[in-house]
Amino acid sequence: MYSLFNSNKMFFLFILFFSTLISISSNSWFGCWMGLEINLISFIPLISNSNNTLATEASLKYFLTQSIASMNFLFMILLKMLMLKSSFYTNNFISIMINSTLLMKMGSAPFHFWFPNIIEGLSWFNAFILMTWQKISPMILLSYYFNKNFIILIMILNSIIGALGGLNQTSLRKLMAFSSINNLGWMLAAITISEKMWMLYFLMYSFLISIMCLMFNKLNLFFFNQMFIMNMTPLLKIFLTINFLSLGGLPPFIGFFPKWMIINFLLMNNFFFVSFIFIMMSLILLFFYLRIIFSSLMFNYLKLKWLKIFLKNNLMNYLMNFFNFISITGIILSTFFFY
């Protein structure tokens, strides 16, 4: 039964991977829409294959929001094809609507309300896919046809909502969802600069999110208060601190490097207000990351025997230790490669 489940999971992951490639390599809007639909169809079985009621609810919510966005996207591309000789205002409206549907697909503010609720019902593995891989297709399609002023407004909204929304959260999955919304603002800024800049930021973000999801999955952490009742090894506490601070964009960690580059580009192009908002909201993000870190660092209870599982010498733990090492030495390594 387990092998059958694994083979089914691999099959849908394979389709998920190729649907993204179909979408981003298509030379027509209709082909892009088809790739997005295949992506939706392949991700729903991955969410709903558990007996968890929340997962079933999450799959239904995901289907409804994505299908509404897909319908609007298809309607707008058909409208654009029909209205070839349209006025400036009509073109502006169509571009904003196409951008809105793609932003809704990736869970961007102000179309983000479905995103934290769905992540709450997912496993850490599925949450990781939703926070990283599922953003690739809409983001690349957005770079083909975007309304500059509208995207600047959305960047600011993402940064503010992502930071303020995570302040009163007790669930780690919701907190990571709001962190993802905040990082989406940075990603939109990166993609307006260049696709290479976006790829660098996206790879760094995916790398850090993968470590966090692996650690939370390994320790079976889902809520903020579990940090208080759980006694971690000193090494594990250091790893958790490093990765949270790196995700917040604190120097000298690796997460700071792409944010530094984006701020540099924004300042060169006179986007002073956007840069100010991004920096201030990153401070709020760091505040609630530090709140989590203190709860795990300051409390010290009796040693729990099952935590020794985490220190066993298997391949996954070696890999995680290597990732954590890269995370702490990232800014030093990056100076050799980029300068």
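Heads up, the Cβ atoms here are built off N, Cα and C, so glycines get one too.
Keep in mind it's a predicted model, so treat the numbers as computed, not measured.
Pulled from TrEMBL:
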type: DOMAIN; residues: 26-284; note: domain 'NADH:quinone oxidoreductase/Mrp antiporter transmembrane'
type: TRANSMEM; residues: 60-79; note: transmembrane segment
type: TRANSMEM; residues: 111-130; note: transmembrane segment
type: TRANSMEM; residues: 150-168; note: transmembrane segment
type: TRANSMEM; residues: 199-217; note: transmembrane segment
type: TRANSMEM; residues: 238-258; note: transmembrane segment
type: TRANSMEM; residues: 270-294; note: transmembrane segment
type: TRANSMEM; residues: 315-338; note: transmembrane segment
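With pairs at least 6 apart in sequence, the transmembrane segment (270-294) and the transmembrane segment (111-130) have fewer than 3 Cβ pairs within the 8 Å limit; the two do not touch.
Between the transmembrane segment (150-168) and the stretches 60-79, 238-258, 270-294, it is 270-294 that has the most C-beta pairs under 8 angstroms. The list of residues near the transmembrane segment (270-294) in space but at least 6 beyond its ends in sequence, with Cβ under 8 angstroms from a Cβ of it, reads 152, 155-156, 159-160, 162-164, 166-167, 169, 172, 175, 179, 182, 185-186, 189, 224, 227, 240-241, 244-245, 247-250, 259, 262-263.
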